[in-house]
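Noted in Swiss-Prot for the protein shown:
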- 1-99: domain 'Plastocyanin-like' (DOMAIN)
- H37, C84, H87, M92: Cu cation binding site (BINDING)
Amino acid sequence: LEVLLGSGDGSLVFVPSEFSVPSGEKIVFKNNAGFPHNVVFDEDEIPAGVDAVKISMPEEELLNAPGETYVVTLDTKGTYSFYCSPHQGAGMVGKVTVN
């Protein structure tokens, strides 16, 4: 599944922002605009026993150019909240449910 970081009109959003995937499916987060973005999973809003650091980009690492990607595979079923740390305050947040 591909998730765009930034909409076509330049909005600071994930597209889609809420989605479901089967356990073990690769999620490809792809920078869609020229803004620096990243993908950080909220340690308080992921399934118990999952290490947020292992599935998140380091907060100082950014996808700067259009087309740059970050790939993650989630195996533990449940709901995961994530955000872009530079743009979290602007509402750039998302949620994935692993079935």
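Placed from the backbone N, Cα and C atoms, the Cβ positions cover glycine too.
Keep in mind the model is a prediction, meaning the values are calculated, not measured.
Residue counts of the domain 'Plastocyanin-like' (1-99) by helix, strand and coil are 10 helix, 37 strand, 52 coil (DSSP-based). Taking the binding-site residues H37, H87 in turn, the residue surrounded by the fewest other Cβ atoms inside 10 Å of its Cβ turns out to be H87. Considering only the binding-site residues C84, M92, the Cβ with the fewest other Cβ atoms within 10 Å is that of M92. Averaged over the domain 'Plastocyanin-like' (1-99), the predicted model has a pLDDT of 97.
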